[in-house]
Amino acid sequence: MTPPASRALRPLIPSRRPPYAPPVAPRLSVALAMLSLAMQLTISANLLMIMGIHYDIPGGSPIVKINPATYVAVLALAIRLFEGGDPFGTLMRLFAANRLIATFVIAFISCIAYSLITIGVTGSAALIDSYLSAGILLLVLCDISIAERRVLGAVMLSLYMLNVVIAITESLTRHLLVGLYIGTYQYKAPFQVFRGVALYDHPLTGAMMTSMAIFLLLQMRLRPLFTTVLLGLSLVGLFAFGGRAALVATVAALLALGAWFLALDLLNRRLTALKLAAILGGLVLSFALAWFVITQTSIADRIVSQDYVDTSAKVREIQFLVPGLMDFREILLGIEVNRMPQLLSEVGLHPPFTGIENFWLVAFVNLGLIGFSVYLLGFMSLMIDLWRRSPLFGRVMLVVVIMVASTSNSLGAKSNVLFVLTGALVACSGYAEPRRAPIAAKPRSAGFARPVPPHRALTPLASLSRK
């Protein structure tokens, strides 16, 4: 018996995989990526210093200059690339499906190579930990399932809240759980102005992480009572960490979002008495909570006692004098590592306690105009990619964190802010509202036509055949 033509030709047609189909991340790779995020939220540079690992100070082996979480993220990406037996092909498919991430990774590999020549291992390690690691993480998490994103969101929110509770406890007891190191110097009691640190490397890092937690919490749309409790706890945590820029930016964003949603409800006539009462009640509770924290506890001492222009704020003005002291060659190619302390001392800065506290300026001074152009290309590519992936509260989180980071040296030195921000935005995308599919219009007669029996439907054909 001769097989049909379609079946006979089927073995001759090669089954080819689409050339740019992005591979799916294996579960082990996703689990390791989540583990790296958990490590970033629990293992700080302070803890590594106590363990004898000189991660954030000059000298020592180059291996210890990279955060352990970065090694785990690299392992997660390696497992994803080698799972199919064609790591280079898998990487090319990932790059083809995520061109903005590819631009970011290639740009910062170029910056790292340039930094190795001009600054040395320490400067390049900062670029790896603060920037390139975020691209590595995103290559693993870029196409994970909705369920995996929600698991990631639950894990990150739990660790955020754990750090908030620790910071509040530290502020009430005036005792740091892990400690705080600036270089090799350890801050010890009695503290002139106390701020909670929790499991982070610096109070300002904790403030930015808590801001991320607030917008992740709002995007998750949990039960109202649970959300209210965690939101209030997070706002108290912002006071405990003492980050004024993070506190002001987060509260301003929340008020702007509230006003926006209220205006939409008014325009669409959806504002009910219950919703209006909930809004007014939330405002009253927020002001009451802020009054209690400021006047009845020691949690907000740093913000209350230094709400004026203090030393940290003055540094942010002095730092912009540094480019004026650079010659043409330094503006074009960047400052050599040995000349940086001299320029800082000339403008009145004394590292590691006072230095350039704007990561845009740090990148320009270190890389020069040529390297900074590549830096901007890569950084803005990542920002655009994260913006496209994120729902509303994720986009607000992105804007707030970058604004706050621009007021400090969070991304100018070794930092986990961009790494954790990337994970938080991926988690936010798991709670995005699904878009409604367009409904096709029904034919006019569909609602009125009566079903025709099969034998009647064939009657006209029979009459035609008779003719």
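Cβ atoms are placed via backbone N, Cα and C, with glycine included.
As annotated by TrEMBL, transmembrane segment applies to 30-51 (among others).
Sequence annotations record features per position, and here TrEMBL assigns transmembrane segment to 63-82 (among others). Same-chain neighbours of the transmembrane segment (63-82): 23, 25-26, 28-30, 32-33, 35-37, 39-40, 43, 48, 53-55, 90-91, 121-122, 125, 128-129, 133, 136-137, 139-140, 414, 416, 419, counting only residues six or more beyond its ends whose CB sits under 8 Å from a CB of the stretch.
Feature annotation from TrEMBL assigns transmembrane segment to 94-117 (among others).
The transmembrane segment annotation in TrEMBL covers 123-142 (among others). Here the transmembrane segment (123-142) has long-range neighbours at 22, 25, 29-30, 32-33, 36-37, 62, 65-67, 69-70, 73-74, 76-77, 80, 94, 97-98, 101, 104-105, 108-109, 111-112, 115-116, 149, 152, 337, 366, 378-379, 382, 385, 411-419, 421-423, 426, meaning same-chain residues at least 6 beyond its ends whose C-beta is under 8 angstroms from one of its own.
What TrEMBL records for 154-177 (among others) is transmembrane segment. Sequence-remote contacts of a segment are chain residues at least 6 beyond its ends whose Cβ falls under 8 Å from one of its Cβ atoms, and for the transmembrane segment (154-177) they are 34, 37-38, 41-42, 187, 189, 191, 194-200, 206, 209-210, 212-213, 216-217, 220, 230, 233-234, 236-237, 239-241, 297-299, 301, 420, 423-424, 427.
Look at TrEMBL and you will find 197-218 (among others) tagged as transmembrane segment. Note on the transmembrane segment (197-218): residues 41-47, 56, 153, 156-157, 160-164, 166-167, 170, 176-180, 227, 230-231, 234-235, 237-238, 241-243, 245-247, 249-250, 253-254, 393-394, 396-397, 400-401, 404-405, 408, 410, 415-417, 420-421, 424, 427-428 of its chain, located 6 or more positions outside it, place their CB under 8 angstroms from a CB of the stretch.
What TrEMBL records for 225-241 (among others) is transmembrane segment.
TrEMBL lists 247-267 (among others) with the feature transmembrane segment. Taking Cβ pairs closer than 8 Å, the transmembrane segment (247-267) reaches residues 207, 211, 214-215, 235, 238-239, 275, 279, 303, 393, 396, 399-400, 403-404 in its own chain, all 6 or more past its ends.
The transmembrane segment annotation in TrEMBL covers 274-294 (among others).
Note on the transmembrane segment (359-380): residues 103-108, 110-111, 114-115, 118-119, 123, 131, 319-320, 322-323, 326, 330-335, 340, 405-406, 408-413 of its chain, located 6 or more positions outside it, place their CB under 8 angstroms from a CB of the stretch. Sequence annotations record features per position, and here TrEMBL assigns transmembrane segment to 359-380 (among others).
When Cβ-Cβ distances below 8 Å are used as the criterion, the transmembrane segment (392-411) is approached by residues 130-131, 204-205, 207-208, 211-212, 215-216, 218-219, 243, 245-246, 249-250, 253, 257, 316, 355-360, 362, 383, 386, 417-418, 421, 424-425, 428-429 of the same chain, each at least six residues removed from its ends. The transmembrane segment annotation in TrEMBL covers 392-411 (among others).
Feature annotation from TrEMBL assigns region 'Disordered' to 445-467.
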